[in-house]
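Report on the following structure.
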Amino acid sequence: MSLLTADKKVQVDINKNDKKAPVNNKNIVYDTKDLNLWYGETHALKDINLAINEKEVTAIIGPSGCGKSTYIKTLNRMVELVPTVKTTGTITYRGKNILDRSFKVEDLRTHVGMVFQKPNPFPKSIYENVAYGPKIHGIKNKKVLDEIVEKSLRGASIWDEVKDRLNENAYGLSGGQQQRLCIARCLAIEPNVILMDEPTSALDPKSTLRIEELVQELKKDYSIIIVTHNMQQAARISDKTAFFLNGEVVEFDDTDRIFTKPSDQRTEDYISGRFG
């Protein structure tokens, strides 16, 4: 039994061991079919079809305003925070349509963590930042919380840097450390999927490298979907890449193929810098 459920059973509607039909010998974690999304009268996503594999890094690239961030925010339904949003189509997560209004968004966010563009630690201690999620899910035992905090900080490759200052305010960390703390906070709820929306765009090159190395470690246990403007980053760290343009998926393939032999001229034009 995991640390998160050792103190109190967390009730969810999704079975973490559900299996989907394999694609390239992988199981599908998200299967998006005929997704359309509007902000009011603006048609932001158009007929999106993507099958995203488990325990891979999937990069979403494309110019500003192409729908990258909108798409990733549909995967945990954060996009619904915009009052004028409406959608058609389906997004199945382990066989369940998350866009169905009967689907509990709280359950989804237990399985799907999110890391944002700018580090956003809570105005709390380092310890409390990581313990917050487990506490919300009913974990009260101090020993169990201590174990979760250490495991999560180790998973985010920041334990050795903060183990002697856990009671200090998280705002005292550097930008790169804050982002890794946010990743640790995400890991503490034991998600299956980690969504990353431009997670290194506000960081210096050294901190960016640390995050990229961490992503490669995390994909052994998690499915990672990352939005990035940095095409070199996408080429370095992802297994699959989707190129978005004007709200559409132009091309989705193995990253090596996208960057060396794209099948669509628009993809080649974008990655070669002819526009964007």
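Each Cβ is built from the backbone N, Cα and C atoms, and glycine gets one as well.
Secondary structure from DSSP puts GLY67 (ATP binding site) in coil. For GLY67 (ATP binding site), the same-chain residues lying six or more positions away in sequence with a CB closer than 8 A to its CB are ALA44, LEU45, PHE244, ASN246, GLY247, GLU248. Residues or ranges marked as ATP binding site by Swiss-Prot: GLY62, PRO63, SER64, GLY65, CYS66, GLY67, LYS68, SER69.
Taken from Swiss-Prot, the feature domain 'ABC transporter' applies to 23-271, supported by sequence analysis. The average pLDDT computed for the domain 'ABC transporter' (23-271) is 95.
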Specify all same-chain residues, apart from the site residues GLY62, PRO63, SER64, GLY65, CYS66, GLY67, LYS68, SER69, whose Cβ lies within 8 angstroms of the center of the Cβ atoms of the ATP site, ordered by sequence.
-> THR70, PHE244, LEU245
The answer, for which of the binding-site residues GLY62, GLY65 has its Cβ ringed by the most other Cβ atoms inside 10 Å, is GLY62
